[in-house]
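Pulled from Swiss-Prot, these are the features on record:
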type	residues	note
TRANSMEM	9-29	transmembrane segment
TRANSMEM	46-66	transmembrane segment
TRANSMEM	99-119	transmembrane segment
TRANSMEM	137-157	transmembrane segment
TRANSMEM	169-189	transmembrane segment
TRANSMEM	213-233	transmembrane segment
TRANSMEM	247-267	transmembrane segment
TRANSMEM	285-305	transmembrane segment
TRANSMEM	337-357	transmembrane segment
TRANSMEM	363-383	transmembrane segment
TRANSMEM	396-416	transmembrane segment
TRANSMEM	419-439	transmembrane segment
Amino acid sequence: MNGNHKQALSGVTLAAIGVVYGDIGTSPLYTLRECLSGQFGFGVEPASILGFLSLIFWLLILVVSVKYLSFVMRADNAGEGGILTLMSLATRNTPAKWTPLLIILGLIGGSFFYGEVVITPAMSVMSAIEGLNIAAPSLDPYIVPLSVLVLTLLFAIQKHGTATVGKLFAPIMLTWFITLAVLGLNSIFQHPEVLGALNPVWALRFFAKYQTASFFALGAVVLAITGVEALYADMGHFGKSPIRRAWFMVVLPSLVLNYFGQGALLLAHPEAITNPFFLLAPKWALLPLLLLATLATVIASQAVISGVFSLTRQAVRLGYLSPIRIVHTSEQESGQIYIPVINWMLYISVVIVIMSFEHSSNLAAAYGIAVTGTMVLTSILSCSVARHSWHWNKYLVAALFVALLAIDVPLFAANLAKIFSGGWLPLTLGAVMFTVMTSWKSERFQLIRRLNEHGNSLEPMIASLEKSPPTRVAGTAVYMSRVVNVIPHALLHNLKHNKVLHERIILLTLRVEEVPYVHNVRRVCIEQLSPTFWRVVASYGWRETPNVEEIFHRCNAEGLSCRMMETSFFMAHESLIMKERPWYLYLRGKLFMLLQRNALRAPDQFEIPPNRVIELGSQVDI
């Protein structure tokens with residue numbers, strides 16, 4: 001490996017530290033405090049301290065290091081990861097009868113992420129600012145307003161992109177992880193007996209001693225691995241090797257040292273349970289640590305916000321959400337996007353959550369259900385990929401499946417116990433998003449099928465028009481066509497009402513494939529159907545934005561002359577009329593009509609000049 005490559009790789013590794021590990025890296029702020037807060041019925045005593053530390057350590061090893069970094073990250077779609085990507089991979093080679101179930105599981109996983117994303121910024125930022133209690137107890141009433149202020153500033157700058165401030169993320173997070181390690185080491189040196197918790201026997205003793213209470217305590221232990229999905233979701237931005245290297249070289253050692261440092265502090269001073277993280281620091285370091293913690297939690301929140309933007313774009317491109325406005329904030333990086341409606345809906349939700357729960361300890365009850373639910377679904381989908389795409393031995397996959405669920409299911413079940421104390425929040429948000437996605441996909445499919453049922457077959461219609469041509473006018477007309485073998489409705493309406501056709505007709509179909517990018521050589525496929533009709537099929541990946549001007553440029557390069565200002569774009573606009581339905585389908589139809597009315601119009605989706613667009617309306621029963 002040459003020097004330049006090593007330097008580039010280390011730079012990407014540093015960048016991964018700054019983005020990927022923000023959420024899991026700020027978990028020491030609250031995890032051990034919530035584990036030992038007394039809610040499970042046992043006090044701050046050596047058996048519980050060492051038991052929790054052992055559970056946290058082995059969760060970091062088994063879930064993060066083994067499951068995600070060694071197994072799940074093998075499943076990539078042209079380098080991209082994430083739950084919807086995993087869903088796409090799982091449905092490729094699986095028997096058709098299982099496909100609907102796998103799609104539903106993938107959509108539930110995506111919906112869980114929307115539930116989690118509301119809680120993460122609130123939980124992280126509040127936990128950091130609660131350090132004011134230690135530095136200046138009189139400032140306690142200002143924790144909620146300060147948390148809202150910090151997050152207001154964060155959401156307000158989203159429209160400007162994070163390319164500039166993003167350069168600071170990596171050094172800040174590296175400083176954060178070094179600080180975690182130093183604080184923990186200092187405490188461990190004073191009480192090295194805490195290292196005994198590395199032995200999994202302490203976890204087993206914990207279960208044996210506390211029995212039922214220890215099961216429910218898993219709901220707090222899981223806070224140590226919140227954000228683990230980011231490792232897989234951000235794989236496309238940084239690559240597998242930098243993410244793995246960052247974990248094993250920096251993040252894992254720092255987290256373990258800090259957790260064990262907090263444990264050592266609690267062994268000597270049980271009263272430090274009020275906030276063991278900040279009490280690790282000497283008094284002179286409290287304010288700098290508070291500032292650093294706030295910056296780290298803001299960065300963690302930024303990573304989650306960027307993640308929900310990326311997930312939303314993928315869902316829109318794959319047809320699970322209605323088209324919405326997506327703004328690219330960087331000319332160099334396609335991943336730098338801003339979605340106004342998602343940004344402000346998320347901001348309002350986060351502020352409501354902060355003002356309702358008022359303290360991170362109250363919010364901790366809501367945290368974990370979405371994370372562990374996604375973990376279960378990830379295990380199911382990744383094992384499906386291992387069996388049907390990688391063709392692993394079925395007995396090996398079965399053993400792996402059982403081993404993964406033996407960890408994931410108890411964690412999820414323990415978190416279900418928190419439904420009435422806050423766990424309802426992510427479940428409700430997830431249920432809303434699942435309803436929206438399935439309603440849009442199902443109703444859109446039915447609408448297109450209904451339109452095509454009454455459509456005319458392409459070839460016979462073109463032959464008829466060439467044989468008995470209507471009046472022709474100069475110029476080029478482009479008709480957007482959803483299906484390549486059916487005449488577009490806009491063309492039929494134009495013939496019906498205007499009785500004319502342009503001298504050149506292009507039937508344009510835009511396809512989004514289940515890959516992040518489509519190679520330029522496959523971008524456009526041109527077929528001449530008759531002397532005056534052409535069919536153009538343009539293919540895009542879900543990370544790309546369809547652009548008609550680019551399509552025209554490629555058509556020109558392949559011999560089909562297209563000029564934007566000499567072309568008219570004809571598009572169909574459907575007015576939907578609801579037929580009689582059962583009440584639950586009626587509600588779904590009403591939701592679809594609401595989404596359709598507020599969806600981004602096709603000219604805006606495909607960057608077509610508005611003065612070149614002609615929309616022809618029709619009524620459609622649904």
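Cβ atoms are placed via backbone N, Cα and C, with glycine included.
Remark: the transmembrane segment (9-29) contacts the transmembrane segment (169-189), by the rule of 3 or more CB pairs under 8 A.
Within the chain carrying the transmembrane segment (99-119), a Cβ under 8 angstroms from the stretch's Cβ atoms is held by residues 83-84, 86-88, 90-91, 226, 229, 304-305, 307-308, 311, 315, 320, 346, 349-350, 353, 363, 366-367, 369-371, 373-374, 377-378, 380-381, 384, 425-431, 433-434, 437-438, all 6 or more beyond its ends.
Segment contact holds for the transmembrane segment (363-383) and the transmembrane segment (419-439), given three or more CB pairs below 8 angstroms at sequence separation of 6 or more. Against the transmembrane segment (396-416), stretch 213-233 shows more Cβ pairs under 8 Å than any other of 169-189, 213-233, 247-267. Note on the transmembrane segment (169-189): residues 14-15, 17-19, 21-22, 25-26, 28, 195, 250-251, 253-262, 264-265, 280-281, 289, 292-293, 295-296, 299, 302 of its chain, located 6 or more positions outside it, place their CB under 8 angstroms from a CB of the stretch. Only sequence-distant pairs (6 or more apart) were considered; of these, fewer than three Cβ pairs between the transmembrane segment (337-357) and the transmembrane segment (213-233) are under 8 A, so the stretches are not in contact.
Ranked by the number of CB pairs under 8 Å to the transmembrane segment (285-305), the listed stretches 137-157, 247-267, 419-439 are led by 137-157.
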